[in-house]
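Scroll down for the structure; my scribbles are underneath it.
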Amino acid sequence: MEQADLEMNPPKDRWNLVYLTLLLHGIGTLMPWNMFITPKSYFSEYKLGNATSPEGDFNYGGEFLAYISFAAQVPNLLFNWLNVFVQVGGSVTTRVVFSILVMVFIFVMTVVLAMLDSSEWPGTFFWVTMCSVVVLNMGSGIYQNTVFGMGAKLPAKYTGAIVLGSNISGTFTAIISFISLLMAPNIRTAAIYYFITALLVLLACFDTYFALPLNRFYRYHELMSQKELQQKKRENTGATPRTPFFAVFKKCWPQCINVFMVFFVTLALFPTVQSDIKRSDPNFFVEDRFYDSILCYLTFNICAMIGSCMSTWARWPGPRLLTVAVWLRVLFIPLFVICNYLPQGQERVFPVIITNDWAYWALGILMGLSSGHFSSLAMMYCPKNVEPQNQSIAGMLGGAFLVTGIFSGILFSMAVTWFVTNVRWNIPWDF
């Protein structure tokens, strides 16, 4: 009876409850990544400082951001692609519940580590943190990919809600980090409050997931997706049912590449390069101690969030023009390279050309806006190029290309660092 009623009277998303729920899950998907890259002062200075390995050839604090990026993104990459083809853990509920519980456990352990005095064992703290981040992002990879698969069954704006949530996650994390540093009596207390906040967000994601099946709008679209799938199975009666991964990819590959390129360019610069761009003008109104917090983390995350919001009411550029716009973003890489980028612990030999803090800030604003807007559009367009019964697969492929772009961008950021510290070029002018 209820099924017939849903089909005859398609429900609406009252009070945007499903939209807000998926937005919250979007925040949760990138929470593990953002929570570990943002509090640089806690990890690199307070916990690790200038501590080195017993041989003295490895600086824990100086290498932390590079290693945390690998520890986070390698498992995220592997489990995202594994989840596309293998459907790890069976049902959607099993995958979501398992992944969130794993992340909650790791954040509890991180809070405990923040409470302990690790000054006598910095090496152990470093590697325990790396191992916990690996496990954390195994769960995050499954969770992120599954959430995009859920959103792909709904109208395009719901995939946009997930991407918007992921951008809000960065803004939320940057603001919490900034406030905790200002208000807490010391970095240790700030870190405890900071990581407890992540726990609360993940628990909210856990609770709201179980509320989705109670919503008529969500049940209706789930029913339509299942109906299309059953019809396809009936048409293929007698044949061995196979998931048409290649056929789906052939239809959505342009948007998958767009997703990849947006995140490749973004992660090639943020946070590794941008967080080491220093103030050029000593009279610039932002102090040195807040320079990277404001001009890097807050600027990028707020602008990316605004860009994502713009995609809900401005679906421009269209699928074809989006490809052109996405590839033009590659120009951000050389532009940021010629800013006052000074890699920590290394000597820059390539000349700094852009010595105007306002010009650098304008570039940061443009990169953040374009990252949020173009990534949302690409993820929206991706599942809409395929049949309804295959939209979940297309959504998961888009999520996998997203993580692949992040990982590739992180690798390329190392090439950027090598370039400015090894390539010499004498230029007699600056801006």
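Cβ from N, Cα, C; glycine included.
Note that the structure is a prediction, hence the values are computed from the model and not measured.
According to TrEMBL, the feature transmembrane segment maps to residues 161-184, out of the candidate ranges 41-64, 161-184.
Remote same-chain partners of the transmembrane segment (393-420), defined as residues 6 or more beyond its termini with a Cβ less than 8 Å from a stretch Cβ, comprise 66, 69-70, 73-74, 76-77, 80-81, 83-84, 141, 144-153, 159, 243-245, 248-249, 251-252, 255-257, 259-269, 272-273, 333, 337, 341, 343, 346, 348-350, 375, 378-379, 382-383, 385-386.
For the transmembrane segment (161-184), the most Cβ-contacting stretch among 17-37, 190-212, 252-270, 290-309 is 17-37 (pairs under 8 Å).
Counting Cβ pairs under 8 Å that are 6 or more residues apart, the transmembrane segment (121-140) and the transmembrane segment (321-343) reach fewer than 3 and are not in contact. Below 8 angstroms of C-beta separation, residues 17-18, 21, 24-25, 27-28, 31-32, 35, 39, 42, 46, 93, 96-97, 100-101, 103-104, 107-108, 110-111, 114-115, 150, 172, 176-177, 180-181, 183-184, 218 of the same chain, each at least six residues beyond the ends of the transmembrane segment (190-212), sit close to that stretch.
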